[in-house]
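Here is what TrEMBL says about this protein:
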ACT_SITE  LYS77  active site, proton donor/acceptor
BINDING   GLY173, LEU174, GLY175, ASN176, VAL177, GLY178  NAD(+) binding site
Amino acid sequence: MFQSMEAARLEALHLAQDPCGLRAIVAIHHTRLGPALGGCRYLSYADEASAIEDAIRLARGMSRKAALAGLPLGGGKAVIIRPPYLGNRAELFEAFGRFIETLAGRYITAVDSGTSSADMDCIANQTSHVTCTTANGDPSAHTALGVFAGIRATAQARLGSDNLEGLRIAIQGLGNVGFALAEQLHAAGAELLVSDLDPGRLQLAIEQFGAQPVAAEALLTTPCDILSPCALGAVLDSRAIAHLRCAAVAGAANNPLLSEDLASELEARGILYAPDYVINAGGLIHAHLSHEGTAPGVIAAQLSRIPQRLTELFAHAQAEKRSPAWVAERMAERMLYD
Ligand code: NAD
């Protein structure tokens, strides 16, 4: 475990259990720039080691996301291992809230895969170090807004125009972010190719946006202009990259590349990659600023900087003959460690 912590330069790893069924992990990656804010996942894992790895990997990404978005925050992430049977969900999240309170503000929790604003309300009964409550709102719509604007910036950089009309955009995952993104892309005139493991969500996208359904296993290799991974992470390995038939990859999923060095394989294939922690920062920006009580107009102005940041990153990468992911990583490292 210490080896993984050292490799990720993780500050601390906290574990807690409670008889109500709670088995929780909080990974705190970095707190020099501010408290570590990051979502809480509530998922089943093959084993405890996978849950810990997930928390560490995601916490590291959160530090980079906050630094590049210019937020006074560090990076952290929580994982609650979903028990096979749960008696009382509210009790579980209240127990998690007591655990967060013991960390004295070094970590602020938020919504992530498997958790909701209602869960955050339960946590808020025990600690103030929580955002994305029903009062703050779910961050997904803001993430989708940022990804939509980021896709336009990516289209401009790779295809020479930010007009999405008639572009074929393949979305993997029509969850909270993917579905809201599909709605905006449809309104902008894009042709949508979509997949989701949930047939109900797929049907809704077909009915509401005239989207073309694609089998989950075929989505990544379907011919399109832009591939938008909006499901889980690590979907692009070397083999998948070799078979991609798109001009760019730009989506909401955290860590869509199995490993960071794969960005150079995308670059070698002429596929422009919008780094995940730059394009999907909208939710974090909203979660932090709403927690601080910032006015909605100021939050909207901060969100609107995402496409500009991407455009600068793409230009920088082109000038340095490097992938945008390589440039983003170096910029984040300087901000975190210099
Ligand atoms: P979600 O759980 O609401 O949706 C994920 C969707 O993907 C589900 O509908 C699921 O059925 C589908 N899915 C899972 N595996 C799939 C597969 N192999 N093929 C097709 N569909 C599949 O999650 P979300 O909140 O929409 O987040 C999506 C991604 O964006 C996640 O990786 C998340 O970490 C990342 N992200 C989310 C936010 C946010 O504000 N919600 C912010 C930053 C990053």
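Backbone N, Cα and C define each Cβ position, glycine as well.
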| query | What other residues of the same chain, not counting GLY173, LEU174, GLY175, ASN176, VAL177, GLY178, have a CB atom within 8 A of the CB centroid of the NAD(+) site? | reply | SER140, ILE171, PHE179, ALA180, LEU181, ASP196, ARG201, CYS230, ALA231, ALA252
| C-alpha of GLY178 (NAD(+) binding site) to C-alpha of the residue listed as 'active site, proton donor/acceptor': distance in Å? | 21
| How far is it from ASN176 (NAD(+) binding site) to LYS77 (active site, proton donor/acceptor), counting Cα to Cα, in Å? | 19
| said: I want to check the contact list for GLY175 (NAD(+) binding site): same chain, sequence separation of six or more, C-beta distance under 8 angstroms. What comes out? | reply: SER140, ASP196, ARG201, CYS230, ALA231
| request: To the nearest whole angstrom, state the Cα distance for the pair GLY173 (NAD(+) binding site) and LYS77 (active site, proton donor/acceptor). | output: 22
| query | Three states by DSSP: which one describes LEU174 (NAD(+) binding site)? | reply | coil
| Hey, how far is the residue listed as 'active site, proton donor/acceptor' from VAL177 (NAD(+) binding site), Cα to Cα, in Å? | 19
